[in-house]
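Below is one structure, written out as structure tokens; comments come after it.
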Amino acid sequence: MRKLTILGATGSIGSSTLSVAQQNSDQFEIVALGAGTNVDKMLELCLEWKPKYVAMATQPAADALKELLSAHAINAEVFSGEDGLCHIAQLDEVDTVMAAIVGAAGLLPTMSAVKASKRILLANKEALVMSGQLFIDAVEKYGAELLPVDSEHNAIFQCLPQSIQTNLGRCDLEEHGVSSILLTGSGGPFRYTDVSELEAVTPEMAIAHPNWSMGPKISVDSATMMNKGLEYIEARWLFNASKEQLKVVIHPQSVIHSMVQYKDGSVLAQMGLPDMRTPIACTMSYPKRVNAGVEPLDFTKVGEFTFIAPDFSRYPCLKLAIDACYLGQHATTGLNAANEQAVAAFLANKIKFTDIARINEAVLHKVCANFQNLELDSLESLIDLDRMARRYADEAINKV
């Protein structure tokens with residue numbers, strides 16, 4: 001039986017992970033749950049799952065949860081802050097960690113799980129975007145096991161031979177006959193909207209994704225296609241891919257989750273309904289298969305598959321991310337930080353939808369001008385750069 005810590009338990013990935021665990025209760029035990037500040041949701045989860053350990057991102061949230069758990073006679077040990085989340089990521093009695101905390105906040109807890117040699121189910125793409133080679137080196141150094149949860153990376157993973165699956169970040173695609181990786185994306189809710197109308201997009205419009213059920217931040221990232229840009233950077237590190245080996249294709253139906261093209265002309269694609277329980281179940285049970293609770297794909301109802309080249313005038317954030325990928329670690333760390341601040345400002349109605357790309361571009365230029373030669377050889381140096389980029393972004397937001 002696999003024993004799990006779920007980081008980001010109250011979010012959409014956490015919910016889907018618990019759904020898969022419930023479908024296969026004889027194979028998975030929930031030992032620890034970690035979350036941000038959603039005390040009410042965490043209380044519900046504790047009442048249902050009875051974890052031994054819980055961690056909340058802030059002390060007030062942890063204190064409030066302790067009080068509620070005591071009132072319900074639940075004996076879970078409650079930790080707080082980044083240290084608390086890192087602690088439950090490296091518990092001796094846990095062998096598998098679902099890393100699903102959104103954004104840069106997930107980096108240190110995920111790295112703690114790596115250093116404790118856990119099986120890492122990586123749903124937090126920002127961890128790799130922010131730390132790149134440092135993360136890949138740590139996985140090898142500490143003997144951790146890395147399995148990608150993002151639907152696209154999981155699809156690519158499933159289309160690659162086992163010798164690559166067990167050597168992520170250090171594989172040689174060409175040696176295995178791979179000519180290219182085709183990263184698919186839906187294009188978000190505004191793929192057919194006139195570009196001149198994008199300035200008027202509201203947060204409510206942006207978070208209404210046509211295919212996937214996701215949290216607000218990732219929904220906005222999907223609308224700008226920054227999400228695909230971050231996934232592009234993550235794919236570069238996970239699969240040790242060159243610029244020539246990575247391509248982005250818009251596929252509005254979200255049925256083909258990504259593809260791998262081989263030298264002999266073969267193309268392997270992973271397909272399924274747009275439901276995160278499928279890639280989550282794949283990683284939770286790897287190399288076996290378990291019931292994810294997902295309806296089988298009915299090809300007679302799919303109708304057709306459409307593929308479109310991305311239009312960078314519509315999706316400037318995607319172009320920024322692809323460019324940043326080859327400028328260096330300072331660029332991807334800085335861009336990710338800027339985007340988190342810009343999306344938060346948009347969701348708070350402080351800036352327009354189209355300002356997100358402008359702020360990201362301004363911060364990327366500033367980071368590249370000031371930190372191009374900075375040696376990013378530790379988590380501390382990456383976090384310092386992340387903070388500085390957020391400061392630049394906040395300054396740009398205040399000028400809008």
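Quick reminder: no glycine exception, Cβ is built from N, Cα and C everywhere.
Annotated NADPH binding site per Swiss-Prot: Thr10, Gly11, Ser12, Ile13, Gly36, Asn38, Asn124, Glu126, Gly215, in sequence order. Other C-beta atoms found within 10 angstroms of the C-beta of Asn124 (NADPH binding site) number 28, with every protein chain shown included. In this structure, Asn124 (NADPH binding site) belongs to neither helix nor strand by DSSP; it is coil.
Neighbour list (Glu152 (1-deoxy-D-xylulose 5-phosphate binding site), Cβ cut-off 8 Å, at least 6 residues apart, same chain): Leu183, Thr184, Gly185, Glu231, Ala235, His257, Ser258. Following the DSSP three-state reduction, the secondary structure of Glu152 (1-deoxy-D-xylulose 5-phosphate binding site) is helix. Residues or ranges marked as 1-deoxy-D-xylulose 5-phosphate binding site by Swiss-Prot on the basis of sequence analysis: Lys125, Ser151, Glu152, Ser186, His209, Ser222, Asn227, Lys228, Glu231.
Proximity of Asp150 (Mn(2+) binding site) to non-local residues of its own chain (separation of 6 or more, Cβ distance below 8 Å) is seen for Leu122, Ala123, Lys125, Glu231, Glu234, Pro279, given in sequence order. The annotation Mn(2+) binding site is assigned in Swiss-Prot to Asp150, Glu152, Glu231 on the grounds of sequence analysis.
Rounded to a whole number, the C-alpha distance linking His209 (1-deoxy-D-xylulose 5-phosphate binding site) with Gly36 (NADPH binding site) is 23 angstrom. Under the three-state DSSP scheme, Thr10 (NADPH binding site) falls in the coil class. The candidate set comprises the binding-site residues Thr10, Ser12, Asn227. Of these, Asn227 has the most other Cβ atoms within 10 Å. Its own atom aside, the Cβ of Lys125 (1-deoxy-D-xylulose 5-phosphate binding site) has 28 Cβ atoms within 10 angstroms in the protein chains shown.
Residue with the densest Cβ environment among the binding-site residues Gly36, Gly215: Gly36, by other Cβ atoms within 10 Å.
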